[in-house]
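Single-structure report; data block below.
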């Protein structure tokens, strides 16, 4: 668009409420009234006449400034198989009279009869019903734990599974509700157990006379009260403080002799300061701005004594005289997605698939409806962001904890802590138990975190008891332990298959957030400070930022993917009493809270606008957002090569894209096997020198659990063999059994003769070198005639790393 003064601006900037043309022609009434919306858009009308997608019309959220997009909308109607709450929301009929308030107004539990359970069910003391098989199995399923009460389970005592009375380590406290927490969190004034048992029977803290007692009972040094910094967790040390500092503000003047007087007493021909500094003869009545604006580049403001330089909005003073443009885009939260810096201002733009909302200036998704999927212990539920649809997706589960989806294939994956398995099914077939596929069914202890690589069709999971991070293909046929560290407690995990990285939280000692390649290499700690109990973690791919919740600090924080620009989004001991997981979409952050038994949302940039999404849940843990824009397309280099599976005999894993020269993928072998010299084939760990374990192997600080590959392994020559056959081939690489013992009598004499010949040759060569004069240099660099070079060689389908070579200093 060409402004009337000749300047050109982007056409999408006209009539957006901000003036880009200096003459204002981009926001003039004539310009805006001439705008016509394209087919599929809705015109807000009015003076601005902005266009929004038709799908935003009557969606319950005002997008036009004049609210025209929500005018004349008919009331939302629920389908025949849904229950309509009094507030107009729709929920699944199974949620009605289930003893849980699923309508925010509670209308689904009004006038409900006393529930009765079927013959194959057990009725909890709270009147809810659970399958009879879940009662007295050593795992509490009723909200009040009554299914495991001794009076109900005497007849089942012999059939109970063996369980440790205290599964926690010596450095942990065992909550009565079953969790393990750090022993240092016991009686610290902050509830960490679900049942608050960590704060029971605690001695009341008494502070010394020189200390201040916070409202939560903790003590801080008395000098920290009213020091303008929050030292108490409940911020009570800064309440009721009078932080008035003398001579601050535009109406105060500080004399050079120390007094503070009112500004109206300056230059009034009366001495108010002892040193007469309020009545300087040369400066009173002088306007320095009349002479070349006092040297100011933009605005000169005359004062009673002296003058000051000011800058227009969007500029900052750099040397008391000169103004410089402020780059607002240095703030990662200036815009929700793309920030364009302009002279004196900035513009926000959106990624493909999003459109800037006229009213809030936030990027809003276009197209399909976004859903929240979340676990509720015995089921997975599905809910739209406006709660207009709220249903049960996967019912009758034992103890579902972790969750993730693959949007393109319309599949959902989840882990069950009680079953110690990872499952998957098609979302449209989720209610059918017969459609569940067991992806990982063995060698799991506590699969707390789960993430799907939607580009390379792999799943990654954490195990907090084994202290491992593992990978498998989405069918569960091939798997490998990528990382294991003693004392670690990995929890949640998120992947970035576009760039080849994964991130996970670890609440072991010390707590941290780790980053590594999706092939297990280059693992390091990204966050190690101001972190205590990191739980859920999620990734904003478009913005390149990580978000996580800390259950001990009651906070939501963010950081860029390289560990910089850390920000605290929200701290709230009430709404973040015990946050477990979180999800990001558009400008919103959604999180589950175990103690509140609820799901909340807030603005992910400011932490404001907190809303209750769902309540009265039963241990809500993981939460994911289902929308096609959350999983952008990428290149699967393992399938782009001429060789099947990238030429890898077992797993082909994406490599981290650290720089433009980084490999696209590397091969990996199952636990207990190593890569051969070709960096594609797999050999047993007993293979002698001649094989090499290069950087494409995993980074593990301890040996992971060994898994038997139940799948067939495909070689580069497309030869298929079983795991047992693969071991036989590796064994034959170590030694071949001779056909007859008599061959030894022929081979050994020949070998001895060859050794005798080479020995004689080396003795002669040594004598010859000693008889020749040599030149010695003090600088040791001259003693090395052959340079050590390490090259990363690129083949047709990937990258390989050469084996190490010894360089002689004499040769």
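For all residues, glycine too, the Cβ spot is worked out from N, Cα and C.
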When Swiss-Prot marks a stretch as region 'Disordered', which of 686-708, 732-754 is it?
686-708
Determine how many residues of the repeat 'LDL-receptor class B 3' (457-499) DSSP places in helix, in strand and in coil.
0 helix, 25 strand, 18 coil
Just jot down the residues in the same chain as residue 58 (disulfide bond), at least 6 apart in sequence, with C-beta under 8 A of its C-beta; none if empty.
69, 70, 73, 74
Would you count the other C-beta atoms found within 10 angstroms of the C-beta of residue 103 (disulfide bond) for me?
23
For residue 51 (disulfide bond) and residue 339 (disulfide bond), the CA-to-CA distance in whole Å is 21
DSSP, reduced to three states, assigns residue 125 (N-linked glycosylation site) to coil
Six or more residues beyond either end and a Cβ under 8 Å away: which residues meet both conditions relative to the repeat 'LDL-receptor class B 3' (457-499)?
402, 404, 406, 411, 413, 415, 422, 424, 438-441, 444-451, 505-509, 514, 516, 518-520, 523, 534-539, 541, 546, 548, 561, 581, 622, 632, 634, 636, 650-651, 653-654, 656-657, 668-671, 698-705, 707, 709-711
For the domain 'EGF-like 2' (325-357), mean pLDDT (0 to 100):
87
Under a three-state DSSP reduction, the secondary structure at residue 260 (disulfide bond) is strand
